[in-house]
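**Q** Pasting the feature list from TrEMBL:
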- A:6-32: transmembrane segment (TRANSMEM)
- A:53-75: transmembrane segment (TRANSMEM)
- A:81-103: transmembrane segment (TRANSMEM)
- A:115-138: transmembrane segment (TRANSMEM)
- A:158-182: transmembrane segment (TRANSMEM)
- A:202-219: transmembrane segment (TRANSMEM)
- A:225-250: transmembrane segment (TRANSMEM)
- A:262-286: transmembrane segment (TRANSMEM)
- A:306-327: transmembrane segment (TRANSMEM)
Amino acid sequence: MEYIVITYLWLAIVLYFLLGGADFGVGIIEMFTSTKNISRTRRTMYHAIGPIWEANHMWLIIAIVILFVGFPVIYSQLSVHLHIPLVILLLGIIARGTAFVFRHYDAVRDNMQEIYNSIFVWSSFITPLFLGIIAGSVLSGHIDAKAHDFATAYVFSWLNWFSVAVGLFTVALCGFLASVYLIGEAEDAKDHHRFIHKAKTMNIAAVCCGALVFLAAQVERVPLANWIFGDAVGLSAVILATLSLVLLWTQIGSGRTTLLRILVGFQVTMILLAISYAHFPDFVIIRNGENLSLFTAQAPEKTMQALGSALLIGSVLILPALFYLYYSFQKKKVNGS
Amino acid sequence: MDDFLAARMQMALSLGFHIIYACIGMVMPFFMAVSHYKWLRNGNDVYKNITKAWSKGVAIFFATGAVSGTVLSFELGLLWPEFMKHAGPIFGMPFSLEGTAFFIEAIALGFFLYGWDRFNKWFHWFTGVVVGVSGLASGILVVSANAWMNSPAGFDYVNGEYLNIDPIKAMFNDAWALQALHMTIAAFASTGFAVAGVHAAMMVQKKNVNFHLKAFRIAASFGAIAALLQPLSGDLSAKDVAKRQPAKLAAMEAHYHTQASAPLLIGGIPDPENKKVDYALEIPGMLSYLAHGNFSAEVKGLDTIPERDHPPVPVVHYAFQVMVGIGTFLMVLSVMLLIAFRRKQWLSARWFLMLFALATPLGFIAVEAGWTVTEVGRQPWIIQGIMRTADAVTPMPGIAWSFYLFTAVYISLSIVIIFLLHRQIKMVPVQYDVPAGSSQKH
């Protein structure tokens, strides 16, 4: 049962990165859209994510619940040492979700819209930035369980080059995911080209940020290169990701939007696999100490059994409904509303 | 402000904020489903408009409830890591099921809000019902986790260790059924009276009376049924608390001294120094009857409990009085509503509508008060009799700052939401007004 729970945890995190990430990315795209095109882009975006954004963010809740039920020590350690970035993440989530809904449901259209827009756009940037910072910190080895002073325990645990680089990388990936997703949602040929162009720019940004992550890993002595290239799974994941990227560039103008979405999703999944596989079952890398492993830090057997069954039952109920939701609100079906 | 107090205040603020949005988000879909059903059955467009107008409210409240709920799932660890480290595996079962219920709710809401004219109309109606049912299920499940803190079960506590964990037993703890019943009815009563009150206020101003009267009837009916049932559930809950958490019951009633034929106190100012209550109205023997079903039974007072395990009496006592007082008032209003359904002229009488308009916030004040009773009444324990709240708090200093930050955020959010609702209501004539005569089939 523990493998089922761990698989679900991994899937929830990957799905949150992919779906929630694309969702954040839509706000990032809005940030980099010229005033000329912005109202059309907003309409496209709204049609694209309006019906599904809340479901996309449920994966975060699923991941958190799995952590605190199944791996309570990991959950409470991270809550203590990453308190500050977690609070910023939460404020970002509040700001973004409410601004998105408020701007649509405000019955009067006036300059309040400007306020909603800027809150939405900025929180779409800050939230994934801190999500990435948190993810980076979990791996960075900067969490110090024995620290006594405030800065070491609660600030440098996440404020370091590596975590920040991962944060930026996450933002770029979100923008990349979203722009590829939006290619399929474009209303006309002009928008189609615009989103292709965005996707290319975002992809270049993501590759640059990826390089930055490796650089920062060198500076902070995180054995990232070792994890990824020193391991058959990590290495093949990276090779596959690169191949799919090449394929993506050759196909990006082809109009095969489903293929593009699969390729970009596959690519991000491979990146996450490469990063998470090498130090499995260790989940949190702790400075000079015992890393928190998914095997040793887990809840008692009976809890894992119950959690695993709850997840299996839950997915039988959720997944068909979720697929039908995505299917129903694809571009083709959207007419006239 | 010291960090422990700040952590408690932040948790209270977050839950107090979330509880309102969660109640509205789980109850209003039922109002919508009724109105939607009426439209599908008799084709009266006013009902379609009511459904659409309400669904915008639901979208705003659901999104706010969803984000504030996400915040809570993190705050449990951010503020109480020591508690979660031990409690997570024990009381986590309802949370993992709630995840599913909440997920289904979000999916169904996507279908419902964006599905007008796109699906079979009964499928579309059904997705609205699913929003309500799954919302209700997630509410009931979350209460199980809270009930476990009041009535810990599913583990053995041996020398500070939590052994033989059984999450299923923990989920079906003794307090769950009655707490969930009380909370669910409270959600219906408070949301029903709040929604009815807003529509009543619009009728007082003679605005779109046809639209608002129909909406009022649906919401007020739900609220009234719930308010009439609530005393029964309250009575069961009081007997249960008397048995399981005598300290909480004693604090609710400011019952300092163990006594046979204990009186019920109405109002009064508890004096914790001298362990007495001033200016209270006493009903002899009534507390014994309410707690144990016997006018002469002995009711345990705070004197049977060590001083360091006492909850703060005045807060719990006042909150309890507020809850019961409002509950009684809403019951009277409910009876009047039943009369009004017979005497139709009441439904357009200014005094009658004013009463309902004034009652708009009362249900939610009662919900907050009742929740204060159950949470503050459990102090100083975070897990009744097992772990103290003070031992669970995060070691991180400076929580006061995070409390100020969240306070500012939640206050501004509340202001914006009131502002948005005001605008929605203001725009009703423009968006939905259907003249009274045109209610034929279409």
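From the backbone N, Cα and C atoms, a Cβ is placed for every residue, glycine too.
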**Q** State the residues, same chain only, that lie 6 or more residues beyond the ends of the transmembrane segment (A:306-327) and have a CB under 8 A from a CB inside it; answer 'none' if no residue qualifies.
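**A** Apart from its flanks, the transmembrane segment (A:306-327) reaches 1-2, 4-5, 8, 51-52, 55, 66, 69-70, 299.
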**Q** For the transmembrane segment (A:53-75), give me same-chain residues lying six or more residues beyond its boundaries with a C-beta closer than 8 angstroms to one of its C-beta atoms, as numbers and ranges.
**A** 5, 8-9, 12-13, 15-16, 19-20, 22-23, 93, 97, 100, 283-284, 292, 294, 297-299, 303-304, 307, 311, 322, 325
**Q** Does the structure show the transmembrane segment (A:262-286) and the transmembrane segment (A:81-103) touching, where I'm treating 3 or more Cβ pairs under 8 angstroms (sequence separation 6 or more) as a contact?
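**A** In this chain the transmembrane segment (A:262-286) does not contact the transmembrane segment (A:81-103) - fewer than 3 Cβ pairs sit under 8 Å.
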**Q** Using Cβ atoms and a strict cutoff of less than 8 Å, what residues sit near the transmembrane segment (A:115-138) while being 6 or more residues removed from its termini?
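**A** Distant contacts of the transmembrane segment (A:115-138): 21, 24-28, 30-31, 78, 81-82, 85-86, 88-89, 91-93, 95-96, 99-100, 102-103, 106, 157-158, 160, 162-171, 174, 213, 283-285.
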